Amino acid sequence: MPRLDDHLWRGPCAKGTKHRSHPRASARGLVAKAGEMINSSGSGPSLLAAHGALGTDPAHGPQSAGVGGQGSSSHVNSWHHHLVQRSLVLFSVGVVLALVLNLLQVQRNVTLFPDEVIATIFSSAWWVPPCCGTAAAVVGLLYPCIDSHLGEPHKFKREWASVMRCVAVFVGINHASAKLDFANNVQLSLTLAALSLGLWWTFDRSRSGLGLGITIAFLATLITQLLVYNGVYQYTSPDFLYIRSWLPCIFFSGGVTVGNIGRQLAMGVPEKPHSD
């Protein structure tokens with residue numbers, strides 16, 4: 001038979017031991033939690049480093065590079081597309097101006113084509129419009145390119161109405177060269193030179209435009225002299241090395257006019273991408 005006093009004695013002792021062991025367990029839990037906090041604080045930088053390594057993982061690098069490459073490729077394609085469009089427009093403008101102005105010169109008997117030339121492949125001077133169209137495309141693309149290279153974007157009268165007025169003045173200068181009669185060619189040349197400089201001052205006023213206009217006038221005059229010297233065609237009453245002395249003025253004003261057209265076409269066109 002169990003003894004009652006033993007049961008009563010063991011009961012409080014057991015409860016006491018339980019109450020004494022519970023604070024020990026709680027103390028151990030606090031120590032464990034403190035250790036976990038220390039471990040977590042120590043492993044934080046390593047986790048950040050791991051995330052950083054993941055962000056710079058070479059596997060992700062090609063993906064971002066591929067996206068950038070696609071954007072650059074589309075930008076290049078867009079730039080080339082605009083370049084082709086501008087070239088075609090400038091070529092067409094050069095062909096039309098050549099047809100109109102050459103017809104005007106021929107009607108006024110300023111330009112004469114010998115019979116032996118007309119009887120050959122140069123019949124009706126079919127080569128003049130394509131050559132003028134090609135020259136117009138080159139000049140029209142060169143003007144905005146020089147502006148971009150010099151870091152001086154042309155902002156003077158950048159609207160199509162001004163460009164069309166410039167074209168009208170250029171045609172008027174060419175018409176005056178064929179129709180006006182002066183006492184001598186020097187007066188005519190000085191008058192056309194003043195009109196050409198007035199065209200540049202009215203519609204351009206840029207140093208690059210003036211320099212390119214003078215360069216174009218010199219090169220075009222030299223090429224024309226070579227063609228006339230080889231008998232491809234000739235001018236009536238030549239007064240300056242087989243040609244007319246006012247011809248450089250026509251080339252100068254034509255370069256300024258085509259340059260303004262090229263600048264206007266270049267507005268809103270994305271810049272050429274630069275490869276590092």
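For all residues, glycine too, the Cβ spot is worked out from N, Cα and C.
Going by Swiss-Prot, these are the annotated features:
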CROSSLNK  Lys155  ubiquitin cross-link
CROSSLNK  Lys157  ubiquitin cross-link
MOD_RES   Ser206  phosphoserine
SITE      Phe170  site 'Required for the recognition of 25-hydroxycholesterol'
TOPO_DOM  1-83  topological domain 'Cytoplasmic'
TOPO_DOM  107-125  topological domain 'Extracellular'
TOPO_DOM  144-158  topological domain 'Cytoplasmic'
TOPO_DOM  204-208  topological domain 'Cytoplasmic'
TOPO_DOM  231-244  topological domain 'Extracellular'
TOPO_DOM  263-276  topological domain 'Cytoplasmic'
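Following the DSSP three-state reduction, the secondary structure of Phe170 (site 'Required for the recognition of 25-hydroxycholesterol') is helix. The helix, strand and coil residue counts that DSSP assigns across the topological domain 'Cytoplasmic' (204-208) are 2 helix, 0 strand, 3 coil. Distant neighbours of the topological domain 'Cytoplasmic' (204-208): 143, 146-147, 150, 152, 154, 156, 256, 259-260; these residues of the same chain sit at least 6 beyond its ends, with a Cβ under 8 Å from one of its Cβ atoms. Rounded to a whole number, the distance between the Cα atoms of the residue listed as 'phosphoserine' and Phe170 (site 'Required for the recognition of 25-hydroxycholesterol') is 18 Å. Mean pLDDT across the topological domain 'Cytoplasmic' (144-158) comes to 78 in this model.
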